[in-house]
Amino acid sequence: MKKLKNLLYIAAFATTVFYLTWRLFATIPWHDSWFALIFGILLWLSEVVSAITGYILILNKQKNFELKKPEISYDRYPDVDVLIATHNEDPDLLYKTINACTYLDYPDKSKVRIFVCDDTNRPAVAKIAEELGVGYFGLSDNKDAKSGNYNNALSKTSAPLVATFDADMIPYREFLMEAVPYFIEQVEAYERGDKYDKPKIGLIQTPQSFYNADIFQYNLFSEETLPNEQDFFSKEINVFNNARGAAVYTGSNTVIFRKAIEDVGGFPTDTITEDFELGVRMNAAGYVNYSTKRPMASGLTPTDLKSVIKQRVRWGRGVIKSSYNMNVFFNKNLTKGQRLVYINGYLYWWSFFRRLLYILAPILYTVFHVRVVVSNIWLLFFFWLPSYALTRLSMREVSKEYRTQVWGEIVETIFAPYLVIPLMMESFGISEKKFKVTRKGNDSSWTLYLYAIPYAVLWLLAMYGLVTFNYGKFGSELFYGSIISFWLFYHIVNLTFAIFCAIGRPLYRGSERFPVDEPMTIEVDNDSYQVRVCDISETGISFSSNLPLYLPKTKEITLHLQSRDYRARAKGHVVRVAVGEKCWRYGVQFTEVNPADIREFYQYIYDRINHNLPTHKDSWMTTWDDLLENFNRRFQSNERPVSAYDQIALPKVRLNEDVEYNGTKRQLRKTNYYYMTFSGQLEKPRRKPIVDFIYHDMFFKLAFVSYDIDRDESLYQVVNLPALEKLPAFKALANEWREKV
């Protein structure tokens with residue numbers, strides 16, 4: 001299999017070189033207008049750069065480097081300073097991150113010192129740090145953004161290892177035990193003053209992971225089929241970079257060797273991506289940087305397009321500026337492999353300019369009659385098709401776990417109109433100095449719809465070009481224009497996704513829900529029941545029971561959460577009940593969390609991966625499936641009328657019990673306590689809409705609701721339920737119903 005893959009890569013490379021050479025010498029419009037010539041050359045250069053970036057990824061993957069974690073005895077673990085950087089983030093969000101850091105596992109917890117690095121010197125943050133028993137470094141006049149914040153903290157701490165976290169990145173408790181072992185032999189040699197013969201590790205980066213769906217997953221109804229858009233880089237590309245010792249430092253969830261930071265002069269201040277540049281500087285100083293594949297923290301990703309675009313503009317500007325600062329193309333202190341990694345990182349930010357050229361090329365020809373490629377259909381098929389097909393197959397092998405090449409191009413299409421100008425400005429030395437923290441809340445302003453305008457304009461132009469170009473053509477005429485038609489249609493599909501992404505969809509949930517499978521005890525009216533947690537968020541929980549429990553809305557229930565590591569108590573009201581195949585599932589809205597348990601309550605929720613979100617792409621879902629899903633979900637109403645019986649948040653119990661009313665036999669078919677369903681009618685509703693029904697020596701006052709003529713059954717509401725609930729006999733009846741199930 002490996003030999004076949006190698007043959008595929010070689011064939012793809014050879015046909016691509018063949019194609020690009022032909023493109024340069026035979027298809028550039030040398031004799032057309034200056035605009036067509038310049039555009040044609042830029043289009044060719046874009047194809048060259050696309051090929052280079054793709055084959056660098058393949059080369060890195062072929063190195064097949066495996067990072068092995070050393071087995072180290074607990075008594076050898078060194079001191080660690082944990083630094084949490086904050087600028088103006090919500091204190092409630094920051095609380096969860098600091099809290100999680102206090103629960104980090106370590107053989108000797110006295111060796112772990114946690115510091116909040118607050119460069120806005122907020123009293124509220126200082127109070128949280130004091131409450132949670134961690135250190136606090138406030139900075140009032142910080143001119144160097146995050147770098148200045150960290151450099152200030154480094155000047156006041158001394159541990160040989162430094163862990164860095166963003167304010168919204170909540171670590172899992174195993175984080176230090178996963179990342180620290182790689183450094184221990186190196187730290188011991190440094191502290192003894194011995195020479196260290198192995199490669200010196202600058203940092204260990206764990207993948208960026210997120211507990212909420214990103215805008216591509218959520219806005220495009222793909223949160224069950226596609227992993228987070230950043231997973232391809234964090235869990236694939238950055239792991240490939242290990243082969244060069246050049247894993248990119250992404251700013252959080254990282255352990256760094258302090259001596260490496262000191263050797264490069266601290267965190268760099270002449271960039272807005274100090275993390276990326278620090279990693280490059282460490283490589284240039286002789287250190288290697290590695291990335292693990294297992295996430296050890298999860299954070300909050302932006303949920304609106306405006307915030308994501310601002311985030312990517314900042315990242316792109318920073319990487320371009322740092323690439324120039326470090327002269328990554330010709331820096332002799334970097335190995336050739338490391339230069340390839342960083343050159344590829346630089347070229348990635350030009351992919352959005354390339355994407356815009358690819359979209360515009362067929363539009364220019366069909367709408368504005370500007371020819372940017374000179375060729376006939378047969379030569380194009382001969383030179384282009386083998387290269388295109390083999391390159392697609394090769395890239396599918398590289399990215400098959402996390403995304404398809406089509407999805408990568410959809411993401412490029414979404415970003416392209418908004419990243420091209422700021423990134424070109426940065427490339428020409430026009431920098432943005434001001435540091436901006438990415439907003440992580442939900443912005444539902446109508447102005448977000450304006451972001452769809454560039455996509456809509458391009459979509460209309462492409463559609464107009466496709467229709468007018470093919471109008472009136474038949475047979476061979478359609479064939480001769482098929483490649484242009486293919487690319488127009490291809491871009492129309494991508495632009496359709498871009499429009500859908502910009503339009504978005506309503507975000508109903510205020511906090512993310514995590515799947516859980518843990519036992520729980522609930523208490524109500526001095527009775528306790530053993531149930532099983534299904535999922536939980538900060539605002540509510542759902543649990544399953546093998547029996548239908550009578551838990552009316554009016555009753556506050558106490559929930560005792562318990563896992564291997566955490567215990568917490570909360571109170572709430574049942575708001576819904578669903579009937580499963582073998583159980584009843586209850587949804588509870590929290591009304592109170594025991595203040596003494598709030599820290600473990602947060603840990604119970606966040607010290608886990610959100611398995612509601614996929615970690616790998618669904619290989620059975622195609623782009624067409626995703627497109628159809630978007631149309632179905634956006635333009636078809638799936639709402640159905642809900643009966644009064646189904647709206648009640650109590651379990652539905654099927655009884656099929658023979659009963660008697662006024663000497664007439666009837667069947668009590670089912671109940672959810674609030675309502676009862678009988679065969680036939682107890683009385684003619686016009687004559688007697690409210691009836692008195694004696695059942696188990698209790699007086700039920702029933703109000704007629706509806707009659708189903710097809711099933712010959714009537715629905716009645718129990719109007720005196722509040723009075724019945726107070727009777728011991730009713731409680732016994734509820735238990736009897738439960739035992740019948």
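In case you wondered, yes, glycine gets a Cβ from its N, Cα and C as well.
Per TrEMBL, transmembrane segment is recorded for 7-28 (among others).
According to TrEMBL, the transmembrane segment annotation covers 34-59 (among others).
Per TrEMBL, domain 'Glycosyltransferase 2-like' is recorded for 196-384.
Here TrEMBL flags 356-385 (among others) as transmembrane segment. Tertiary proximity for the transmembrane segment (356-385) is limited to same-chain residues at least six positions away from its ends with a CB under 8 Å from its CB atoms, namely 18-19, 22-23, 26-29, 32-33, 35-36, 39-40, 42-43, 46, 413, 416-417, 420, 458, 461-462, 464-466, 468-469, 479-484, 487-488, 491, 494-495.
For 405-425 (among others), the entry in TrEMBL reads transmembrane segment. Nonlocal intrachain contacts for the transmembrane segment (405-425), taken as residues 6+ away from its ends with a CB within less than 8 angstroms of a stretch CB, comprise 216, 226, 229, 232, 305, 309, 312-313, 316-317, 320, 349-356, 359, 392, 395-396, 399, 432, 451, 454-455, 458, 491, 494-495, 497-498, 501-502, 617, 623.
Summarising the annotation, TrEMBL assigns transmembrane segment to 446-467 (among others).
The transmembrane segment feature in TrEMBL is assigned to 479-503 (among others). Residues 215-216, 219-220, 305, 358-359, 361-363, 365-366, 377, 380-381, 384, 406, 409-410, 413-414, 448-449, 451-452, 455-456, 458-459, 462-463, 465-466, 469-470, 473, 623, 626-627, 630, 634 of the same chain lie 6+ residues outside the transmembrane segment (479-503) yet bring a C-beta within less than 8 angstroms of a C-beta in it.
Summarising model confidence by region, the domain 'PilZ' (509-606) averages a pLDDT of 93. The annotation domain 'PilZ' is assigned in TrEMBL to 509-606.
For the domain 'PilZ' (509-606), residue counts in helix, strand and coil come to 12 helix, 56 strand, 30 coil, using DSSP.
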